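K.L.:
Grabbed the feature section from Swiss-Prot, which reads as follows:
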type	residues	note
DOMAIN	1-141	domain 'Globin'
MOD_RES	7	N6-succinyllysine
MOD_RES	16	N6-succinyllysine
MOD_RES	16	N6-acetyllysine
MOD_RES	24	phosphotyrosine
MOD_RES	40	N6-succinyllysine
MOD_RES	49	phosphoserine
BINDING	58	O2 binding site
BINDING	87	heme b binding site
MOD_RES	134	phosphothreonine
MOD_RES	137	phosphothreonine
MOD_RES	138	phosphoserine
C-alpha cells in the first residue's frame, strides 16, 4: 500500500514522464532486451531493432498501463484486471519479467528526469512498480 506522500511522489514523477510514454516505454523495452536477452522470446514476432515501430507501440502500451495504474492507486486490481488476465492466461509471461522491466523503467526515469528522481521519488516509484507487478501476476495463482 502506497502512502499519501508516496502517491504524490509517483504522481509528480510519472506526470512528467507520461508525456513521453512512447519514447520512454520503448527505451525501457530496449534496455530490457539488451540487459536480459531471454525476455526477447516473448517478442519473437517483433522487429527488435532500435527505434522500431513495434517497440515504440508496445512502449506506449506499457506507459499507458502505468498511467492507468497511477490513476487508480486504490483500485489497481480492477483497473489492471484485463491486462493481468492477458499476461497470465494468454501470453503466459514469466512473472520475474515484470520486475526486470520495472528496473529498466527506473533507469529510464533516472536518466530523463534527474531533477525529479530524488531518493524519495525513486523509493516511491519502485514501490509503485512493485505493486503493479504484483497486480499483473495476481491471476497466475
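Glycine is treated like the rest: Cβ placed from N, Cα and C.
Remember, predicted model here, so these are calculated numbers, not experimental data.
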K.L.:
Please tell me which one of the recorded positions listed here (7, 16, 58) sits closest to residue 137 (phosphothreonine), measuring Cα to Cα?
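P.N.:
Nearest in space to residue 137 (phosphothreonine), counting only the recorded positions, is 58.
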K.L.:
Taking the Cβ of residue 16 (N6-succinyllysine) as the centre, how many other Cβ atoms fall within a 10 Å radius?
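P.N.:
For residue 16 (N6-succinyllysine), the 10 Å Cβ neighbour count is 15.
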K.L.:
From the DSSP assignment alone, can you count helix, strand and coil residues within the domain 'Globin' (1-141)?
P.N.:
112 helix, 0 strand, 29 coil
K.L.:
Can you name the modified residues among 7, 16, 40 whose CA is within 10 A of the CA of residue 138 (phosphoserine)?
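P.N.:
Close modified residues: none.
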K.L.:
Counting across all protein chains shown, how many other Cβ atoms sit within 10 Å of the Cβ of residue 49 (phosphoserine)?
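P.N.:
The answer is 9.
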